[in-house]
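Novice: What follows is a structure written as structure tokens; I'll ask about it next.
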């Protein structure tokens, strides 16, 4: 019995039991559906074994949207609990678990895969490449992320959720204060997903540096590709730090080491330092590609080339360097002394300068543009003022002396939500709408899309502006309730309304996807937005090989200049194209990693050893395998290129 | 697969060039990994709790043996790559074998060193210092162990398939990895052992 007792949820409540039932029913429905429609073979051949960067991108996208709703449910529960004083909807323990999983899910399992989705789909197309540098590694990256996310998500029905905050500070996250396996889940699922992310970083750096179309020098790359390159450089240098920190944390919890303990020499502040040496650059891994999306969207719909291309690139490089020099601003008040605080205060505030440069570049792009307000553009236009609120409050927090007032209050919570939602989430929704026709061959409904954008923008203000005020009044974050005398009640009620509005906005986006899938015209051109960069020079849907003939690039906006100045993009005739084969190994390896992670969480050592052997067996298999891919013949290319409209399903 | 014969075999195809660059970037990530371990080591080095300090447990003889063995293996893997470029498969395999044998020798000494540490009460659970010491050394040792088996599988492939652009590429990348481990060891030798014994 002792063995099975570990898998029980330590703090059960009706919501968790309801979730268990829901998960069970969903799994049964999916299995039954796949069997009934005989789709197992299709699923395996076309998706689970795919190494096509476009399909991997779409799988990232689906995962990100699913996780958005999981993290969103957490958010709604939190806001509902805080809406009125002395509320008893959730108890303290449950609240701790929810804000922890909300943070982890939203940053690592929603925002990251959303970025990865767009990066995977867009970057190879934008640089005129046929694939990424290491297609199979790319599939493995996705499956590691996915299995890490699933492992994290089963925590609330098997063994208990992590409850030490998304920062998992020791000694709170140590065995003494976090006795359930929740924090084990945290350490190991993020480790697995993080390894996947690191491999993506290596893969895309190589892809962007080595696989650009002829003529595309570094300074002729589209802005989104630039932002992806910089983000991947940050990934490669930041994620190993997380790897080490998580490994140490795991060892402290499972092997009795003394890295972060409070006895035998352990140092809990070491965790805080390592975590934020990764964690601060992480926010720029998220925000820079988002800036890249805005640059694409704004120049497309202002019908104008991006103002200040070189300063955009320079500002991203500067941001990437500064991002590694500011981590200690996360603990100004933990006693590190005035000199350290001053240095980190100045580097932190300095980031506002290159960020401001970017904001002004977008404004100048708009200045003389012929603005066309589409849904993606609407997100971009709403982003500028909302993000500026978040940015300016960031500078306020960056002043270490003043931070003694703000720290650990809802002011901080409001700040980073006002940065991340308009910055990252709006960008991802803009990118989703912008690239949707390229991904799926039809456009999302503009009317519903714009309505959703307005609802989300207004709700963002409603949800987070009140927190600035209650935070300045002293409402602490992470507190599961407060007394009526504090006067925080009305502010929090408004925030709940905002949170519900946000939920409504996201549901409306889902409805839009459903509505457009049913009713939108399939008869769109391959360039429905009249865009400027190479990804729109492909057919829709994009053939497996992307470009039948490798494009020749002469300028930053290759497609635009081909359309307007008569540059010839595609010279020469078709030649057979070499493409990688699909493989089931990345998926299988992902599954083994999942088992490995699960066994590790519960310290089932025989299974850990067994699955470790399995992982190495997969690697050895790859090493000895002779797989030279396959060729697509000229006849096949001609056939595919000639049937573009048929492929789209248009009549 | 287009093969460019004007370049060394390991660079001769597009795919090979991608793999070499990708591996260099991976080594960049590895540098960060070990840099983090070193930074943590310097933070925790004096936090010995009730356990011993480095000066009390380090011994020069096994460390010197490890250093000489590993440095020599880095030299022999260089010779293996040189033989590979000359197209001499037999010499290449011999130098590869010597490299891996030296690697195994290094591991043998390191394992006995670890057993000794545990024996004298400096196990991984003793104090923050021993935790980070054994983790840093162990991470390097795990890399050498992985390299041993990796190298073995490459030897098998070269023996079976001969020197092709593919096997040459794998061998070259392995040599980069092996040199990297040597560089990391120089830091371990200087900043953990020598500094600890002074």
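Cβ coordinates come from backbone N, Cα and C, glycine included.
So TrEMBL lists the following for this protein:
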DOMAIN    A:38-554  domain 'Cytochrome oxidase subunit I profile'
TRANSMEM  A:15-37  transmembrane segment
TRANSMEM  A:98-125  transmembrane segment
TRANSMEM  A:137-158  transmembrane segment
TRANSMEM  A:185-205  transmembrane segment
TRANSMEM  A:226-249  transmembrane segment
TRANSMEM  A:269-291  transmembrane segment
TRANSMEM  A:312-332  transmembrane segment
TRANSMEM  A:338-357  transmembrane segment
TRANSMEM  A:378-402  transmembrane segment
TRANSMEM  A:414-436  transmembrane segment
TRANSMEM  A:448-469  transmembrane segment
TRANSMEM  A:587-617  transmembrane segment
Novice: Report, as numbers and ranges, which residues of the same chain sit near the transmembrane segment (A:338-357): CB under 8 Å and 6 or more residues beyond its ends.
Specialist: 308, 311-312, 314-316, 318-319, 322-323, 325-329, 332, 391, 394-395, 398-400
Novice: For the transmembrane segment (A:378-402), what are the same-chain contacts with Cβ under 8 Å, counting residues 6+ beyond its ends?
Specialist: 294, 297-298, 301, 329, 332, 341-342, 344-345, 348-349, 352, 355, 359, 362-363, 366, 411-412, 414-423, 426-427, 429-430, 433, 449-450, 453-454, 457, 460-461, 468
Novice: What else in the chain is close to the transmembrane segment (A:587-617), if you only count residues 6 or more beyond its ends and a Cβ gap under 8 Å?
Specialist: 6-7, 48-49, 139-140, 143-144, 146-148, 150-151, 159, 181, 184-185, 188-189, 191-192, 250, 254
Novice: So which residues does the transmembrane segment (A:137-158) touch in its own chain, when a touch means Cβ under 8 Å and the partner is 6 or more beyond its ends?
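Specialist: Sequence-remote neighbours of the transmembrane segment (A:137-158) are 7, 9, 16, 19-20, 23, 49-51, 53, 56, 59-60, 63, 67, 70, 97, 101, 104-105, 108-109, 112-113, 116, 120, 181-182, 185-186, 188-197, 199-200, 202-203, 583, 585-587, 589-591, 593-594, 597-598, 601.
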Novice: With Cβ-Cβ distances below 8 Å as the criterion, list the same-chain residues six or more beyond the ends of the transmembrane segment (A:269-291) that contact it, or say none.
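Specialist: For the transmembrane segment (A:269-291), the list is 107, 111-112, 115, 118-119, 167-170, 173, 223-224, 227-228, 230-231, 234-235, 237-239, 241-242, 244-245, 248-249, 259-260, 316, 319-320, 323-324, 326-331, 334, 358, 419-420, 423-424, 426-428.
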Novice: Do we see three or more Cβ pairs under 8 Å linking the transmembrane segment (A:414-436) and the transmembrane segment (A:185-205), pairs being at least 6 apart in sequence?
Specialist: no
Novice: Restricting to CB pairs under 8 Å, which listed stretch, A:98-125, A:226-249, A:312-332, A:448-469, is in contact most with the transmembrane segment (A:185-205)?
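Specialist: The stretch I would name here is A:226-249.
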Novice: Which stretch, A:226-249, A:312-332, A:448-469, tops the Cβ pairs under 8 Å count with the transmembrane segment (A:98-125)?
Specialist: A:226-249
